[in-house]
Amino acid sequence: MTHTLYPTPFALYPINISAAWHLGPLPVSCFVSNKYQCSLAFGATTGLRVLVVVVPQTQLSFLSSLCLVSLFLHSLVSAHGEKPTKPVGLDPTLFQVVVGILGNFSLLYYYMFLYFRGYKPRSTDLILRHLTVADSLVILSKRIPETMATFGLKHFDNYFGCKFLLYAHRVGRGVSIGSTCLLSVFQVITINPRNSRWAEMKVKAPTYIGLSNILCWAFHMLVNAIFPIYTTGKWSNNNITKKGDLGYCSAPLSDEVTKSVYAALTSFHDVLCLGLMLWASSSIVLVLYRHKQQVQHICRNNLYPNSSPGNRAIQSILALVSTFALCYALSFITYVYLALFDNSSWWLVNTAALIIACFPTISPFVLMCRDPSRSRLCSICCRRNRRFFHDFRKM
């Protein structure tokens, strides 16, 4: 029996394989080749190849899981008799999927950790939860099918799955924009002094956050409900700019009235949210500047004027909104160009898809870098991994 070896990059997060066995005619073996790398061997069989590995639950990291998913996708490609078009490790789509899922799932784990520990969440955390879920939805619905295309799986035959993924991508993208806008507007309300015209709204704003998040999801689910109606579950790499957002589904919008109404609603929402975010960011900077001028005579000799929790939270929101504005401005310009010129090349379509997924990929790391509590949780996880790595080397 011949075997094909697929090396896995477990150098940073080595795992201890506790068991591996055969399932009937599908031989699967796993072994540790050295202290820094684990390799999996798939039996050369016909049909679908199955990966079965048992790993201690307490020692399984996110990165290890993603590596196993990559191997499983690679085995699916081998079952179809196709090969990837380029090395997987150099593919920007796969890199974006790994980094984006790792960041967003880590942030979701952080919020779940606080919830089950009984900590009272901050008002902004409620918005960030929905933002993280929406970003994860964008990455899972758009980038993973494109990663499957990189592996050679170019036929998306599930009609319902095509509709669902296309619909989920549009809803996730809209909620991501709306949540970022809501976050910036809420922040500008909370940092204004109590004696300003925002005083009454400042008291009531936290009570409306939950309702605002629900309305945001409901609005985008209703607006995008017309989108799957015109979707066909066929893979099309040709003339993608006329058919839709995703390479694995085509969406010919033959009804010009429906197309115009949908385009008007989505464009109005995006422009409105972007305008509100720019206004909120400018207002935050102006309020901070005035506050700095007022207290400058009090803390003239302070060497760390930006080290307070309030300033760190505001800087985190500003960094997030700036990242959003940059990514979506570039993607908007790219998609306008694609809409105006029908003969756009395929690489430009891929570039536009890469840009639109930049914000869901980067945003969790922006939040974790600016918030010391999130960074502290990540450092605890890193210390546990280093302790396990030390024990692993003694084996």
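Cβ coordinates come from backbone N, Cα and C, glycine included.
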*asked:* For the feature N-linked glycosylation site in Swiss-Prot, which residue out of ASN104, ASN343 does the record point to?
replied: ASN343
*Of ASN239, ASN306, which does Swiss-Prot mark as N-linked glycosylation site?*
ASN239
*Please spell out the DSSP helix, strand and coil residue counts for the topological domain 'Cytoplasmic' (192-208).*
10 helix, 0 strand, 7 coil
*Stretch in 94-114, 171-191, 209-229 most in contact with the transmembrane segment (317-337), if contact is a CB pair under 8 A*: 171-191
*asked:* At a threshold of under 8 Å on Cβ distances, which of 94-114, 171-191, 347-367 pairs most often with the transmembrane segment (209-229)?
replied: 171-191
